[in-house]
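A.B. asks: Below are the features listed in Swiss-Prot for this protein:
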type	residues	note
DISULFID	CYS31-CYS81	disulfide bond
DISULFID	CYS40-CYS64	disulfide bond
DISULFID	CYS56-CYS77	disulfide bond
DOMAIN	31-81	domain 'BPTI/Kunitz inhibitor'
SIGNAL	1-24	signal peptide
Amino acid sequence: MSSGGLLLLLGLLTLWEGLTPVSSKDRPEFCELPADSGSCKGNFQAFYYHPVHRTCLEFIYGGCEGNANNFKTIDECKRTCAA
């Protein structure tokens, strides 16, 4: 195979890896944590991964504390936790 073909194959494999969903064995442990609004009284839209439903759901984040299962966008939640 030519070096150009190898580079193309490597590029396609890299793209495939980036688009492949996270498997449960590769999912960070914090994705299993419940939604936690924290102790502050803000009203911010956030998203968390719900392990039973295996999807990302919206919740209201108070603005401080909480836990790591807290994402600003649903896409960020899906990239990190969704299988």
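Using the three backbone atoms N, Cα and C, a Cβ is placed for every residue, glycine included.
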A.B. asks: Using a 10 Å radius around its CB, how many other CB atoms surround CYS64 (disulfide bond)?
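C.D. replies: I get 11 for this one.
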A.B. asks: So among the disulfide-bonded residues CYS31, CYS81, who's got the most Cβ atoms within 10 Å?
C.D. replies: CYS81
A.B. asks: Looking only at CYS40, CYS56, CYS77, the disulfide-bonded residues on record, which one has the least crowded Cβ, with the fewest other Cβ atoms within 10 Å?
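C.D. replies: Counting other Cβ atoms within 10 Å of each of the disulfide-bonded residues CYS40, CYS56, CYS77, the minimum falls on CYS40.
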A.B. asks: I'd like to know which of the disulfide-bonded residues CYS40, CYS64, CYS77 sit within 10 A of CYS31 (disulfide bond) at the Cα level.
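C.D. replies: Among CYS40, CYS64, CYS77, the ones whose Cα sits within 10 Å of that of CYS31 (disulfide bond) are CYS77.
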A.B. asks: Can you give me the Cα-Cα distance between CYS56 (disulfide bond) and CYS81 (disulfide bond) in Å, rounded to a whole number?
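C.D. replies: The separation of the Cα atoms works out to 8 Å.
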